[in-house]
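Copied from Swiss-Prot, the annotated features are:
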| type | residues | note |
| --- | --- | --- |
| REGION | 1-24 | region 'Disordered' |
| COMPBIAS | 1-14 | compositional bias 'Low complexity' |
| BINDING | C63, C64, C129, C159 | [4Fe-4S] cluster binding site |
| REGION | 188-235 | region 'Disordered' |
Amino acid sequence: MGLTSRPTPASRQPASPPPADPVLLPEPKRLGVLSRLAPEPMKVVLNWGRRYSLWVFNFGLACCAIEFIAASMARHDFIRLGVIPFAPGPRQADLMIVSGTVTDKMAPAVKRLYEQMPEPKYVISFGACSNCGGPYWDSYSVTKGVDQIIPVDVYVPGCPPRPEALLQGILKLQEKIARESLAERYATGATGGGPSTDALRSGLVAAPTAPGPTAPASTAPGPTAPAPTQDEERR
């Protein structure tokens, strides 16, 4: 009886776990068209400075403005979050907080003050009246939300909201600032295009008009009108 070599069983190797998906961190693009020229540490520093140095312009219109004052005092103290209250005016402010009922008569003033703020600028709608009209939504003289006049970044609900709600809204705004790109937010993008989507939605920037095809000038003389006859001249 001949000896034959028995096949050796394949060595059992533990199944390798599937490769984990790489964690993709958001690239800090916050310098618009200059983002490709600035070093990465500089982008982080500039973004950090924008998040934690928000000068606030409070546009108080009703009782929600009292809650804003309470949030800025020592008990809640939103200065510890990097928010500086009571800017001298809209030209020195980064953040406008609209608190209270916006009437149709006040709407042009809200829009004008928003236009005076320098870029980058942000808006928090504070309270039900500013969000959608609140208890006075069915009034003939009340604007149904300040977002019909200017773009809003964060909505804080409540009638009136507590100061803690405003602190939460400020944190949400800082999170939004951390992941946004100035090239996408403002008028000119990195591709050199026209106004951004936010700028067009705000109604403050006119949409660019595409140049249409122009008709070629004709060099051939057109048909001339016949000379009037003597009968037509008498008439």
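Using the three backbone atoms N, Cα and C, a Cβ is placed for every residue, glycine included.
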Discussion item. Around the C-beta of C63 ([4Fe-4S] cluster binding site), how many further C-beta atoms are within 10 angstroms, looking at every protein chain?
Written reply: 14
Practice prompt. Let me know the DSSP-derived helix, strand or coil state of C159 ([4Fe-4S] cluster binding site), please.
Written response: coil
Worksheet, complete the sentence: Ordered by sequence, the long-range same-chain Cβ contacts of C64 ([4Fe-4S] cluster binding site) under 8 Å (at least 6 apart) are S99, G100, F126, G127, C129, S130, P160, P161
Worksheet item: So of C129, C159, which of the binding-site residues has the fewest other Cβ atoms within 10 Å around its own Cβ?
Response: C159
Worksheet item: Apart from C63, C64, C129, C159, which residues in this chain have a Cβ no more than 8 Å from the mean position of the Cβ atoms of those residues at the [4Fe-4S] cluster site?
Response: A62, E67, S99, G100, T101, G127, A128, S130, G134, G158, P160, P161
